[in-house]
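Colleague: The structure's right below; bear with me while I get my questions together.
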Amino acid sequence: MICQLNYTKEIKWDYGFLTKKCKDAGIEDKFDAHQMRLRANYVGVFLMLHLFFTILHCTLLLTTCVYLDLIYIDVFCYVALTAVIIAVMWPNINVEFVMRHKFMMSLTSMIAVMAIVSVDLLLNYFHNRNSDWILETIFDVYIILMIYMFFPIPYVLATMLAFSVTITYITYFGFYLGVEHRKKMGYTTRFNQFIVELCNYICLNMMGTYFRVMREIVVRASLLDRHQYVMEDTTLRSARAQERVFLHSILPPQIAEPIQDDIRKRLESMEKQHKMPSIRRTCRIISIQIHTDVTILYADIVNYTMLTTKLPVKRLIALLHALYARFDKAASKYAVQRIKFLGDCYYCVAGLINPDPNHAKCCVDLGLCMIDSIREIRDKVKIDVDMRVGVHSGELFAGVLGAAKLQYDIWGTDVLIANQLESTGMPGQIHVSERTLQMTDDRYKVYPGTDTARKDHFLRKFNVVTFLITGIDENKTNEFKSFEYLGSTCSIKETNDNGLSLDEELKKMPLGPKGLKEVVYEIFNFKHKKEQKGKSTTAKSEIGSFLLHFHDSRLEYKYIHQPDYMLKYSVLLAWCCGMTLIYVQLFYNQKKDNFSVYVDIVLIITLSMLLFITWYKKICHWRYSTMLHTYSPFTCFLFKIADSLQRSLINRIGIYMYFIISYFCIIALMLNDCDRDEFQLMHIDSIQYKYEPDFMMCFAPWTLTCMVCLIIMMSIIFTRIPFNMRIFIGLLEAISYLIIMFYQYEYVVHTSLTTNPYFLPEYAHCLLILVTLLVIFFKERQTEFDNKINYKWSVELIKKQDDSRIAAQSITILLHNILPAHVVNVYLTSLAKHELYYESYDMVAVMFASLKNFELTLPNLRVLNEIISEFDQILSYYRDKYRVEKIKIVGSTYMAACGLDVQIGLNIKNETRSHDSLIQEVQRARLLLAAFQKKHYSITDEKEEVVFVLTTFALDLMRTLWVCNNDYRNIPIDRDVFNADMSIGISSGEVMAGVVGASQVQYDIWGHAANMASRMDSTGVAGKIHVTQNTALILKKYGIECKYRGMTYVKGQGILPTYFVDIDANYEFNYTQESYDSIAVESESN
């Protein structure tokens, strides 16, 4: 087994990678500013801890020391030192001040360090010279920890300052060993003791460096996550704004919002189920609303049929675009909602989106403006065109039907009345109903309606009295001659809502868990109190105050089980600590016990193996990152072990506990090497007989205490181990050590050096352990809080990315549900600027399918929505080489075309999502064509296949309607609905497709083929597919039988021969006998 190294996840937690990424993202300055705020917070924690340490230390000195003369000096110095530290460091809490004076943090930190070290060493020197007290330093471990963990200085300066302090104490310790104890211990002993202390300081600095690096990694990762969160939020807001504006330009908000919610829910459901959800009829929503007080305007271009035959298609579309753009701008001015245009028909509604008491007047004024506009165009282009306009007021149903190519439409009796008023009107005049006229004023020129309207059966059925409006008073005519374009509803405008900003988010970021520091602030700093109340407390409220656990147990579980890609750094630090302990244990192993040596060897080997396994992957990355390298099976095995250790919480806890157990094994060996009775006897004899004791007989108590402090620190700062467990282990270690020191080795501890005159050494040791535990607890508490905030943000980021992706997908779905896929990108560029967009196609098949005897009442609209949705479902099976595009719905007529996006694709027979019937029909047709080619039949362009594909689609519609009729037959709604039949008309030829107008986006097609398909439908027969002669000839080439209907009158074309596609009772094509023979021959030859 061979493998390749995958280091992508680990590299994201690499210090150098994160630093480079911050610089590349341009947020390094924001990182520095955020670090300033964090450091100001750390200063507050440091001051609280130092004040507590001083109070505790001074209280112990004053209450436990027998003689207080020298203690008063120490207490005074400690109190004065604390006052100086607070005075010096307090300005660093003011972030605005230190941002203006960045040098202040470094300057005050150096002053504070110098003050603490000076007081510590000078007091020791003073007591040594004046009272012969040889004392242990008390601030060495404490100040080194504070420099790394809480001082508000950069990493480099902190390292330099900590090393300076280390060198100072090492020098003092060397001087102390060389002068004070020169006669008490040999040179080798002094050297080994010096090495032990040096190892202790090195480990302290390593832990401090580790903490600094880990903290900066966490902060940078948090900042990058927050930056990405802000970017995702901005993207999401922009995407949603684009989606909202674009959708509302086509569908009113009250209709669009349910559609948006439905799309998002479906996408989220697909994400959860990881599969396409089954769409049931009961799940479909119907977005239809009733509007009781509106005015409908229908406008029709006179002589349009003549234009389609005489004008080139390109010029026709340019003319329509010029007209409809003017109409859209006029509609925008008069607050009229354009619904759609149907070739030469343009209809709109006033009072639809927003209630308007003057809706009738708005429509009449718009009609007059439209007549003036078309006359201006007529004079310019010298074409005989005019406009008939019908206006009626009443109620209607408005909404969308189906599941694809959503278009807003209107239905109702009053809609039909308005349409009938237009068809029975006069060119250049507005044909209005009596109801509409009553809702306008008397400034219009009004005449009785047309004779055609008075005789019209439909209008007489509803007692509609009509009138003609020819214009208004001359002094008001100019109002309609021209107008300023006030803007299009479909233009995507800039939004003033810029969303989130990174600076604002960083200011709202909680800097730490609530603790003693904030309580003091709330008492002494009222301004800070108000600011804290003003900040967001959401993050803190989700995290426990003391144990820092997520209140959401599922989130807590996921947090503690996340991989630890920084495990190798924890193992390296733990290994260094273990090696130091082993060296100290070997140094004090005077008995040369073999068992101790064996234990040390086992620990060295096992700890080194863990170090090698966790670091081996990174070493390989260092070595082979610039080249492609294949690794051996053994190396792959090591990679898997390392990945398992990183991913598994149980494995990490096992490693953690093994290190802790190893440490205490070493401590146990050191304690076991010390004979307490022998040491006590030797010490008493040395005092009685005045000789120098053997210092190597037992462990050095202060060395052991410092080692235990290191163990406690290592136990608490180990990464990705549950915080409660680490605190419990650290507390258990401290208590166990103090119990052993106070009750088992109290005499050994009592004979060690103390930190102040007359201060019991036991209390001094206890104080160091306690302070170390508190410092590490507060430090790790801050780190744990930062980690949990970072994790919470990463969860929010993932959710934000999902929301952004779903929003983007919903935009795509909406666009593809309005425009063909290949037009979407074009629309976002040129069409958004209201430019004319069109396409020319040599061969397109066009279909009109109309439901017969289908009254558009509100109950029937629900059924129609189900039927149209089923038809739309069939579109999903026609997405291959020649896709079928739904163009629009006109009443109960379904319009579609094939050949608008001709691209070379996979063969249909290899597409698993293709419909079974389509596969069979296309395979049969292609075999027939191959046979015809061998017999040298005349075969036209391959593009003629679009005719066959669309005819197959039409047959699927008929099958689907038959299924729907059977499914709905027992539903208690009007029985006539379920007896509905369908006539279909198909034609083919050259067409133009595009988007015209300046308002709502509507993709349409024009040309002789589209007109003829409409005529084939209107003159067709229910249950039949009616086609033109050219279309029939093409279908016959594919072996489909077409029966001659006869000579049929077609409006604008005269009498033409037409055909019915031959379909049997099972809704299958009837093929010619010649086609069966040809297919058989072709199959045998293959």
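Cβ coordinates are placed from backbone N, Cα and C, and glycine is handled just like the others.
According to TrEMBL, the protein carries these features:
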DOMAIN    295-422  domain 'Guanylate cyclase'
DOMAIN    845-1017  domain 'Guanylate cyclase'
TRANSMEM  42-63  transmembrane segment
TRANSMEM  70-91  transmembrane segment
TRANSMEM  103-126  transmembrane segment
TRANSMEM  133-151  transmembrane segment
TRANSMEM  157-179  transmembrane segment
TRANSMEM  569-588  transmembrane segment
TRANSMEM  595-616  transmembrane segment
TRANSMEM  653-671  transmembrane segment
TRANSMEM  699-718  transmembrane segment
TRANSMEM  725-745  transmembrane segment
TRANSMEM  757-778  transmembrane segment
Colleague: May I ask for the residues of the chain that lie six or more residues beyond the transmembrane segment (42-63) and have a Cβ under 8 Å from a Cβ within it?
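Modeller: Sequence-distant neighbours of the transmembrane segment (42-63): 71, 74-75, 78-79, 81-82, 85-86, 89-90, 92-93, 138, 142, 146, 149-152, 512, 515-517, 520-521, 756, 759, 763, 767, 770-771, 774-775, 778, 782.
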Colleague: Using a Cβ distance cut-off of under 8 Å, indicate which of 103-126, 653-671, 699-718, 725-745 has the most pairs with the transmembrane segment (569-588).
Modeller: 699-718
Colleague: Using DSSP, how many residues of the domain 'Guanylate cyclase' (295-422) fall into helix, strand and coil, respectively?
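Modeller: Taking the domain 'Guanylate cyclase' (295-422) as a whole: 61 helix, 39 strand, 28 coil.
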Colleague: Top stretch among 70-91, 595-616, 725-745 for CB pairs under 8 A with the transmembrane segment (653-671)?
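Modeller: Between the candidates 70-91, 595-616, 725-745, the best contact partner of the transmembrane segment (653-671) is 595-616.
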Colleague: Apart from its near flanks, which chain residues at least 6 from the ends of the transmembrane segment (133-151) lie with a Cβ under 8 angstroms of it?
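Modeller: Distal contacts: 42-43, 45-46, 49-50, 53, 57, 70, 109, 112-113, 116-117, 119-121, 123-124, 127, 158, 161-162, 165-166, 169, 172, 176, 180, 201, 204-205, 207-209, 211-212, 702, 706, 709, 713, 752-757, 764, 767-768, 771-772, 775-776, 779.
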Colleague: Taking the transmembrane segment (699-718) as the first stretch and the transmembrane segment (103-126) as the second, find out whether 3 or more Cβ pairs fall under 8 Å, excluding pairs closer than 6 in sequence.
Modeller: no
Colleague: Are there at least 3 C-beta pairs under 8 angstroms linking the transmembrane segment (757-778) and the transmembrane segment (725-745), leaving out pairs fewer than 6 apart in sequence?
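Modeller: Answer yes: the transmembrane segment (725-745) meets the transmembrane segment (757-778) with 3 or more Cβ pairs below 8 Å.
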Colleague: Report, as numbers and ranges, every residue of the chain located at least six residues beyond the transmembrane segment (595-616) whose Cβ falls under 8 Å of a Cβ in that stretch; write 'none' if there are none.
Modeller: 567-568, 571-572, 574-575, 578-579, 582, 585-586, 589, 635, 638-639, 641-642, 645, 655, 658-659, 662, 665-666, 669, 673
